[in-house]
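Worksheet: one structure, shown below.
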Amino acid sequence: MAPAVSTAALIEDDPWDMPELQDTGVKWADLDTKGKILRVLTIAAKLILLLGLLYMFVCSLDILSSAFQLVGGKAAGDIFQENTVLSNPLAGLVIGMLVTLLVQSSSTSSSIVVTMVSSGLLEVSTAVPIIMGTNIGTSVTNTFVAMTQVGDRNKFRRAFAGATVHDFFNWLSVLVLLPLEVATGYLVKLTDLIVKSFNIQSGENAPALLNVITDPLTQSIIELDETVISGIAVGDPEAKNKSLIKVWCQTASNTTIQNVTASNCSNFPCWELKNVTEITNIKKCNHIFVNTNLSDLAVGLILLACSLLILCTCLILIVKLLNSMLKGQVAVVINKIMNTVFFCVFFLVSGIGVIKLERAYPLSLGSNIGTTTTAILAAMASPVEKLGNSLQIALVHLFFNLSGIVLWYPIPFTRLPIRMAKALGQLTAQYRWFSGFYIIACFFAFPLLVFGLSLAGWQVLVGVLVPIVAVLIFVIIVNILQKHKPQWLPSVLRSWDFLPQWAHSLEPWDRVVTIMAARCCCCCKCCNVTEEDEETGTQENKDNEIEMYDKPTISVEIKEVITGHIQLKLVLIFNTWS
């Protein structure tokens, strides 16, 4: 049996050539009257379902914001603001990556970050690295999907390159923009200016936006007491002992002038006139938890789990619904548009069909822009007093992706992600096991290493990462010079042959992986064969025993053969010793 991993060279005229997309759907002209009516009704039903899913998605974001406030408790804001881990940009970046890896959706994780900002649990400046991390974390989904083509070397080359072009864009953007943001804060400053230009008002004149249509549903589930939240914000000690769950939705206040004991009297009691406000409860709220005996934490955990479940379910169904709507002739039209010279694909959120890597790259950039609309929707569902901060962090997500596009797309020379993805695609086509190593190293091992070093302190982080980064930069520069300007290098550095082969080639590692894979396959097959043989042998022995008892003559013949065989072995052994 041939090994599962092979390094055989692949002969192909154009390894990056893509097959043409065919329209397999039934054309409108070929449908009868019944078929046309059915198609129109199907499209209308899908549109209605899409609007319903969007409505449930926005409502779940509102519930999620309330859940964060209940779970966080009164001191959660101070904890997050004073947390030394979140104040480290690299740690925030890794947290964003890991959260996105967990939920497998940057839209979901960015929406969670926006709701945490709207709940006051995160500051905008603290949330910026987390937003950047969500962009990297979502790249692993494409890479996992590409792994399904591992059986075909040609398809796997194209699929893995098409998936990792998104990875390299996000990694390169973070490598440039995160240090720039830490040094200058340009994303926070730019989005702050934009939000201020909106002239968002607070109080009664604040814009309701999506709350007008979401409040009837969300307020029937949970409603928070804004007076308690405001009291906590201004440091009222009595507010910290109250529940955030609103019980009385209609109250009446009566202010009267009464004599109250003055606080500046020392020797004898004295009184002064003051306005005293008495609040009378009139009508209870109608939400589910109005009469609950559960604590704020318990209610918050229940709402958190339910809202996250609905949030992820709605996103998955929306994607599948859009995917089902973009088929047939629509897919062919999109395919033609993708392969023209027009760059309108920047703003397409998704596409159906087979396209070249050079056109898949701007498509992935357009999807990056499209996914930011989810965070903007989440911001629009925020409470009015936090609407400015929520919109600001949503715009940070948008302008981060726009900045990355400006860096890595307009000039052909700067389209490094395409060249890097092609190089990785060729490498993984030759050594297919390297794709698994790439996923584990880039999305799990390296982020966890950085997070662990961040917990140890910035001195340890710098002391470990700076030498590693310096060596990587040196290797990259030497590789570029070896390919284009070898005469600029010393003779010893014009190739890596002076190093052991395992240090500059994957060939030795490939042999090791091949041998291990072959042994694992052999062990599994041997175990299966042994079990089958044992079962077959046991059954045969039983059959033989029955036959020997049934036919004594055969039994005698077998005994004679065995006796003669033993005698022959004894003679051979005796001759050998002699």
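Numbers here mean position along the shown chain, with the first residue as 1.
Including glycine, each Cβ sits where the backbone N, Cα and C put it.
The transmembrane segment feature in TrEMBL is assigned to 37-64 (among others).
The transmembrane segment annotation in TrEMBL covers 85-104 (among others). Same-chain neighbours of the transmembrane segment (85-104): 112-113, 122, 126-138, 140-141, 174, 178, 181-182, 308, 312, 443-444, 447-448, 450-451, 454-455, 458, 461, counting only residues six or more beyond its ends whose CB sits under 8 Å from a CB of the stretch.
Taken from TrEMBL, the feature transmembrane segment applies to 124-147 (among others).
Sequence-remote contacts of a segment are chain residues at least 6 beyond its ends whose Cβ falls under 8 Å from one of its Cβ atoms, and for the transmembrane segment (168-188) they are 89, 93, 124-125, 128-129, 132-133, 135-136, 139, 361, 364-365, 368, 392, 396, 399-401, 403-404, 407-408, 416-417, 420-421, 442. Marked as transmembrane segment by TrEMBL: 168-188 (among others).
Here TrEMBL flags 297-318 (among others) as transmembrane segment.
Residues annotated as transmembrane segment in TrEMBL: 330-355 (among others).
Residues or ranges marked as transmembrane segment in TrEMBL: 390-411 (among others).
The transmembrane segment feature in TrEMBL is assigned to 431-454 (among others). With a cut-off of 8 Å between Cβ atoms, the residues of this chain six or more beyond the transmembrane segment (431-454) that come close are 5, 7, 85, 88, 90-91, 93-95, 97-98, 101, 136-137, 139-140, 143-144, 146-147, 150, 153, 156, 160, 164, 167, 171, 424, 460-461, 464-465, 506, 509-510, 513, 517.
What TrEMBL records for 460-481 (among others) is transmembrane segment.
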Touch test for the transmembrane segment (37-64) and the transmembrane segment (297-318), at least 3 Cβ pairs under 8 Å: yes
Other parts of the chain folded back onto the transmembrane segment (124-147), taken as Cβ under 8 Å at six or more residues beyond its ends: 80-81, 86-87, 89-101, 104-106, 109-110, 113, 116-117, 156, 159-160, 162-164, 166-167, 170-171, 173-174, 177-178, 181, 185, 187-188, 191-192, 364, 368, 371, 389, 392-393, 396-397, 400-401, 435-436, 438-439, 443
Cβ contacts under 8 Å made by the transmembrane segment (460-481) with residues that lie 6+ beyond its boundaries: 88, 90, 450, 453-454, 488-489, 493
